[in-house]
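Quick look at what TrEMBL annotates:
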type     : residues : note
TRANSMEM : 21-50    : transmembrane segment
TRANSMEM : 56-75    : transmembrane segment
TRANSMEM : 96-116   : transmembrane segment
TRANSMEM : 136-160  : transmembrane segment
TRANSMEM : 181-199  : transmembrane segment
TRANSMEM : 211-234  : transmembrane segment
TRANSMEM : 255-272  : transmembrane segment
Amino acid sequence: MASLTSRLEHAIKPDALRAYLAEFISTFLFVFAAVGSAVASSEFVLWVFFSPSHCNFFFFKIFVIVIFVYFYWVLRNVGVQIAEKMMPDATTDPSALVAVAVANAFALSVAVYIAANVSGGHVNPAVTFGMAVGGHISVPMAIFYWISQLLASVMACLLFKVTTVSQHIPTHGIQQEMTGFGASVLEGLMTFTLVYTFYAARDPRRGPLGAIGPLVIGLVSGANVLASGPFTGGSMNPAYSFGSALIGWRFKNQAVYWIGPLIGAGLASVVYDNVVFAVQIADGIGV
């Protein structure tokens, strides 16, 4: 009882409250960008890249364009045959999926970076769950993290709907040829890679987090969107799926985006902390 009381007291300390606020802000920014990229057309994305008003970022734009073209080529020449069977609409404009993947990668990288030193930069209830399973965060704090993330996602989707006067907020859904079990497995696998990468990026044995850690986390998220986007939407984030489903009022298959990611995150935590990079006694074996 004393341990529980101390944990509850720790969960409402000023540092903890700042962490909840940091999670809210980062999750809000990520979900707003992710939803916006899903709604925006490929023409808008190209206009942003090539607009003369952004000429000061010439080299940055060249880098982004190279990545965009590369992913476009991969999707068009490798992934189209699969997407055509599962998602016919994706083949009509594969650049839209690439744009969403790039936006997710950049948005998540920024969201993790700006909150890393305050809250750890989870930006995702699945990541928080994995950290709780690994004992890196207490259960009471994890619950408050979840509340902050879910509230931020709902507010981001609501603000986007209000400001754009949009009658449709895109929600995650699975293809008709897939089962809920298959979709959960796919989301779980994608989340496993995300959380495993998150663990590796923040591991103090690899040195300070720096800027490369959030970038790596964002890149694996973008790659997962490319891989699973035509099938499940590539969520990997229960807060993102819940917020868009609540504002869009479409909860079909919502369990897929909770069960799969949470199981995948828990497995990633166990595998990283206890199997692959377990803390070892200094006996001449290992790093």
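Just so you know, glycine gets a Cβ as well, placed from its N, Cα and C.
Automatic, uncurated: that is what TrEMBL annotation is.
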*Residues of the same chain, at least six outside the transmembrane segment (255-272), with any C-beta under 8 angstroms of its C-beta?*
124-127, 129-131, 133-134, 172, 174, 180, 183-196, 199-200, 232, 235-238, 241-242
_Most Cβ pairs under 8 Å with the transmembrane segment (96-116), selected from 136-160, 181-199, 211-234_ = 211-234
